[in-house]
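Trainee: What TrEMBL records for C104 is active site, proton donor. Sequence annotations record features per position, and here TrEMBL assigns phosphoenolpyruvate binding site to K27, N28. Here TrEMBL flags R80, R109, P110, I111, D112, L113, D294, I316 as UDP-N-acetyl-alpha-D-glucosamine binding site. The domain 'Enolpyruvate transferase' annotation in TrEMBL covers 14-396. Annotation comment: TrEMBL describes C104 as 2-(S-cysteinyl)pyruvic acid O-phosphothioketal.
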Amino acid sequence: MNKSKFVIEGLGRKKALSGTIAVRGAKNAILKALAASILFEDEVEFKNVPEIEDVRRMRELLVGLKQNPELHRDIAERLRASIVLTGPVLARYGEVTFPFPGGCVLGERPIDLFLDGYRAMGAEIVENDGLFIIKGKLRGAHIFFPFVSVTATETLMLAATLAEGRTILENAAMEPEIDSLAGYLNTCGAHIDGAGTPTLKIEGGGILRANGRPYITPPDRIETGSFLILAALAGHDVKIVDCEPKHSAALLSLLARAGIKFEIGESSISLRQGLTLPQAVSVRTHEYPGFPTDLQATMAVFLTQAEGEATILETIFDGRFRYAEDLARMGADIEVLNPHKVRIRGPRALSAQELEGPDLRAGLAYILAATVAEGTSVVNNAYIIDRGYLAIEERLSKLGLNIKREQI
Ligand code: EPU
């Protein structure tokens, strides 16, 4: 692996960024769509694919699966989305072997919902030497998820597509990436009803055919949101293009409440800043369409620069405040009240530091923190950011940020 870091010259309180920045295809959509290619008899073409590290890992896993229905252990142990492959592989080949999936450390990330789902669909599970071996011909089942899970919804939806009979998934996740995938699969012969609502009904059937129809990756709403927050913090005239504004409704409503002014176009959002300080707004993360946990760390950076006191309540994960200590080192007034709640008082001037993001999204939040800090910061471990954001330094440079990648 090529080791690199980002060096960022902070702007302090100057609102210096301007220009246009384009949003790329959504990581958490393309990873699942690639996994779904297992359900097809013919080739599937993918468009608007971000060439990020996680997409490369998923491709490597798919290549490995051509030999046998077993996920490459080292890769799967580093990529949470690898679990999504288990549904289509099991449904198509009647068996799958995989390790406990890795990915960003955000607290507990169990896989009980997947295993319960496979059992309900008639599969047998054996755990041996850290590997799960699942076998069986899948049949439709009525599954109620005790918690809302994005990847469990996607995985069982994909498994059900080739299972025999009808599957009902209740308390399903409603993320737009699920809707995008179901819509595409339906054009290729699947029968999935209710994507984007809490109840999915899937009539299982035969193998799917793309017949030359491409999957078009929808815009990344987390990237959109991160750019919006960056523009609110340090921009004076920034336009975010190639995005889907309605997927950012929760963030936009909070930014509006904070006093940020923006204009919404069909596939763009423009921010024009006045000189007034944004006001602190409290945040509660929630499954879509609520405020995304993946924007929680970036929003914390925003709140360090807003006037007043606010809390962030993290309801999805129980280990997602690992960034708080680093922001405090930079001068933020941030206190972790418990594993689900932080309190932030602002505005506070931040000073440059050497940083290393504890996870992908916090990594990007550090780039934002470094942008509003005084002085030159270093954000180590660029790889963790490259997992989800394509050539971020090139894109942010175009807005006028002095950010460089340096090899270590
Ligand atoms: N959960 C269980 N059992 C399970 C599965 C999940 O208890 O079998 C719990 C989790 O512990 C968590 C909650 O359910 O408390 C919700 O987690 P979910 O399963 O929805 O998360 P995920 O599917 O593992 C996806 C995204 C994450 C994003 C979350 C929440 C992918 C590959 N990952 O993860 O994205 O934070 O949904 O929206 O789609 C990222 O992109 O950086 C990222 C972490």
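Note: Cβ is positioned from N, Cα and C throughout, glycine not excepted.
Curation does not apply to TrEMBL; its annotations are automatic.
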Trainee: For the domain 'Enolpyruvate transferase' (14-396), would you mind checking the mean pLDDT of the predicted model?
Mentor: 96
Trainee: Tell me, how many other CB atoms lie within 10 A of the CB of R109 (UDP-N-acetyl-alpha-D-glucosamine binding site), whichever protein chain they belong to?
Mentor: 17
Trainee: Within its own chain, what residues at least 6 apart in sequence put their Cβ under 8 Å from the Cβ of L113 (UDP-N-acetyl-alpha-D-glucosamine binding site), listed in sequence order?
Mentor: F145, P146, F147, S149, A152
Trainee: Mind computing the max CA-CA distance among R80, R109, P110, I111, D112, L113, D294, I316, which the record assigns to UDP-N-acetyl-alpha-D-glucosamine binding, rounded to whole Å?
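Mentor: Between the most distant Cα atoms of the UDP-N-acetyl-alpha-D-glucosamine site, 22 Å.
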Trainee: So if I measure Cβ to Cβ from I111 (UDP-N-acetyl-alpha-D-glucosamine binding site) and keep only same-chain residues at least 6 apart in sequence, which ones fall under 8 Å?
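Mentor: The answer is I83, F100, P101.
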Trainee: In three-state terms from DSSP, label K27 (phosphoenolpyruvate binding site) for me.
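Mentor: Where K27 (phosphoenolpyruvate binding site) sits, the three-state DSSP reduction gives helix.
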Trainee: Taking each of the binding-site residues D112, D294 in turn and counting other Cβ atoms within 10 Å of its Cβ, which one has the fewest?
Mentor: D112
Trainee: How long is the line from the C-alpha of R109 (UDP-N-acetyl-alpha-D-glucosamine binding site) to the C-alpha of K27 (phosphoenolpyruvate binding site), rounded to the nearest angstrom?
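Mentor: Given the Cα positions, R109 (UDP-N-acetyl-alpha-D-glucosamine binding site) is 19 Å from K27 (phosphoenolpyruvate binding site).
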Trainee: Have a look at the binding-site residues (N28, P110, I316) and report the one with the fewest Cβ neighbours inside 10 Å.
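Mentor: Taking N28, P110, I316 as the binding-site residues, the minimal 10 Å Cβ count falls on P110.
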